[in-house]
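Visitor: Submitted below is the structure of interest, expressed as C-alpha cells.
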Amino acid sequence: MSLFRVYTRVLELLGKERRLGWTLAVANLLLATAQFAEPVLFGRIVDVMSGNLATGALAPEARSPWPLLAAWVGFGLFTIFCSAAVSLHADRLAHRQRQAVLTSYFEHILQLPTTFHTGTHSGRLIKVMLQGTDALWRVWLGFFREHFAALLSLLVLLPLSLYINWRLAMLLFALCGVFTVLTTLVVRKTYGLQSEVEAQYSDLSARASDALGNVALVQSYVRIDAEVQGLRFVADKLLAAQMPVLSWWALVTVITRASTTITVLAIFALGIVLNQQGLTSIGEIVMFVSFATLLIQRLEQVVSFVNSLMMEAPRLQEFIDVLDEVPAVRDRPNAIDPGRLSGLVEFQDVSFSYDGKRPAVEDLSFTALPGQTIALVGATGAGKSTAIALLHRAFDPQSGTVKIDGMDIRGLTLAGLRRNIGVVFQEALLFDRSIADNLRVGKPDATDAELRLAAERAQALDFIERSGLGFNTAAGERGRMLSGGERQRLSIARALLKDPPILILDEATSALDAVTEAKVNLALDEVMRGRTTFVIAHRLSTIRHATRILVFENGRVIESGTFDDLVAQRGHFAELARAQFMVQEDARASVAAAADHASVRP
C-alpha cells in the first residue's frame, strides 16, 4: 500500500468526527490567512517609517504607522486564540477517535474466524492494536495541528505574494520548489528502508514474546544465555537497518537549513536590485524575507509530518490489514433471533472446503433428535471439528444446509444461534479473572446461589470452597492457578449455567488422569442430561453409550450406528476399537507383570 493510500485510509477512519474535522479545516484556513497578514503589516510599517513608500498593490494609504500597528495587534490576538482553539479541539478529536477506533478494532478481531487467530499470534494482534491506535492518534494530531495548516498556508501565500510583487514571489517559489524536490527524493528513498526497520521491530517483539511465553522451558534447559544472544542478534539487525534511515534524515536537516539561508540571501539580493530600479520597496523586501521564513517553517512542518507518517506507515499498514480481514460469517439483513430452541439438528448434503480445493466435509447428512448424544470419531483431519464448526456457524457451507428445529442457521442471528449452543473444550478456556466472573460468562446475571448450584453439579464446589477466597479466587492467566481437572469442571459449570439445548464436548477429558477424569465424567453426565450433545472423541471408551456414532474419513461419514452395532460390522470403527482396547489390555498386562516381578524379588 502506497504512503498516500495509507494517509487517506487514516483520514477515513475519522468516521463520525468528520464534521469537527471540517470545522478545524476552516479554522486552519483563517489561521493561515491571519499569520500572513502579520508580515504584510510589518512590511508596510517599515515603508511608512522609512518614507520609502511602496507603489504596488498593497501600498499603504496612511502616513502613520499606528493604524497598521493596531491592525497587527488585532491579527496577532486572533492568531493566538485561533491557534489555542485548533490545538484544543484537535487534541480532543484525536483522543476521542483513538478510543473509538481501538474499541472498533477489538470488536472486529473478536469476530474473525478461529482460523485467523490460529495463524496469528495473539501478542501480535495486541501490539498492532496498541501501536496502530497510537500511530493514528499522532497522525490525526499532526494533521490538524500542523500539516493541514501548512498546506493551507501555501495556498494562501501563493496568490498573496504574486499580488504584492510577482518578481520576488517567483524567486521565492522557485527556491522552495528545489527544496521540496530534494526533500521528496529523500523521503522516497527512506520509505522502503523504514519498512525494513519495522519488520525488524516485529521480529524483535516476536522473539522476546516467544521466550517469555516459554520461560519455564528456557530455565529448565538452561537457555537464558542462548535466548539473550538470539535477541541481541535480532537487535543488531534492527540497528543495522536503522542507521541508513538516520543518515538520510540527517541530510534532510542539512537541506532545510541550507534552504533557509540561501532563500533569505537570494531575496535580499534580488530585492536590492529591484529597489535600486524602483520596482520594490524596503518594506516589501522585509515582507518577503518574512514570507520566506514562514514558508520554510511550513515546509519543515510538512517534511516533519511526512517523516512521522513514513515512520508510522508500517504500523498503520498492519492495523489497516487487520481491519480489512473479513469475518467468515455475518448476520444476514433479515436474520431473526429464534429464542430458545429444542435441539433438533439436521445436516443436509453439507459440503465445505477451506481452500476451495480439498473438501473438509463432503455430502454430510445426518439428524440428531433432541436429547440424543452423537459421537464423532475419526483420525485427525477427517472432518469432525469442521462439522462442529459448521454447526456453530464459524463458517458457512459451500453447499447443503445445516438446520436447527427446521430453520436454516444462516437465517438466525449469530448471537441467537450461539446462545443455544454450549461448548466444553479440550483445554478449558478461562479468563484471568475470578472464578465467579468466569462462571458468569455462561450467564452474566447469575445469582450467587446459581453459581453454587452449578459448581456443585459440576463437582467443582469442594475445591472452590477449599480456597480462602471461594468464588472470588483468581483463576490466573488462562486459568494457570488451577489444575487441569479444576479448570475443566469450571468449564462444565459454566455450560450448566448457560443451560443450552445443544452441547458440544470437544475431547473434554483427553488430557486428564484417571481419577480426575472420573470426577469430570460425573459432571459431564449431569450437563449432558436432556440436551442434544455432540462429542468429538479419540478415546472410544468415552462414547460407549452414545445414541449414534459417526465415523469420519476424508470428510465423509463412512460408518454410522451404535457402539455395539459398529463393532459387530467389523469395519473401520471395529478396527479402532480393537486397537484401543488391545493397547489398554497390554498396558494392564505390563502393570500386572511388573507387580508380580516386584513381589518375587528377594
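Glycine is no exception: its Cβ is also placed from the backbone N, Cα and C atoms.
These came from Swiss-Prot, pasted as-is:
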| type | residues | note |
| --- | --- | --- |
| BINDING | GLY378, ALA379, THR380, GLY381, ALA382, GLY383, LYS384, SER385 | ATP binding site |
| DOMAIN | 21-311 | domain 'ABC transmembrane type-1' |
| DOMAIN | 345-579 | domain 'ABC transporter' |
| TRANSMEM | 22-42 | transmembrane segment |
| TRANSMEM | 66-86 | transmembrane segment |
| TRANSMEM | 146-166 | transmembrane segment |
| TRANSMEM | 167-187 | transmembrane segment |
| TRANSMEM | 254-274 | transmembrane segment |
| TRANSMEM | 276-296 | transmembrane segment |
Visitor: Please give the sequence-distant neighbours of the transmembrane segment (146-166): residues at least 6 beyond its ends with Cβ less than 8 Å from one of its Cβ atoms.
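Guide: Residues 24-25, 28-29, 31-33, 35-36, 40, 56-58, 86, 172-173, 274, 279-280, 284, 287-288, 291, 294-295, 298-299, 301-302, 304-305.
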Visitor: Are there any residues in the same chain, six or more apart in sequence, whose C-beta is under 8 angstroms from the C-beta of ALA379 (ATP binding site), and if so which?
Guide: GLU553
Visitor: Would you list, in sequence order, the residues of this chain other than GLY378, ALA379, THR380, GLY381, ALA382, GLY383, LYS384, SER385 that have their CB within 8 A of the centroid of the site's CB atoms, where the site is the one recorded for ATP?
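Guide: Sorted by sequence, the hits are THR386, PHE552.
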Visitor: In the structure shown, which of the binding-site residues THR380, SER385 has the fewest Cβ neighbours within 10 Å?
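Guide: Result for the binding-site residues THR380, SER385: minimum number of other Cβ atoms within 10 Å at THR380.
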Visitor: What count of other C-beta atoms do you get within 10 angstroms of the C-beta of LYS384 (ATP binding site), across all chains shown?
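Guide: Looking across every protein chain shown, the total is 26.
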Visitor: Hey, which of the binding-site residues GLY378, GLY381, GLY383 is the loneliest by Cβ count within 10 Å?
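Guide: Candidates: the binding-site residues GLY378, GLY381, GLY383. Fewest Cβ atoms within 10 Å: GLY381.
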Visitor: Return one of helix, strand or coil for GLY378 (ATP binding site), based on DSSP.
Guide: strand
Visitor: Would you mind listing, in sequence order, the residues at least six apart from ALA382 (ATP binding site) in the same chain with a Cβ closer than 8 Å to its Cβ?
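Guide: The answer is PHE552, GLU553, ASN554, GLY555.
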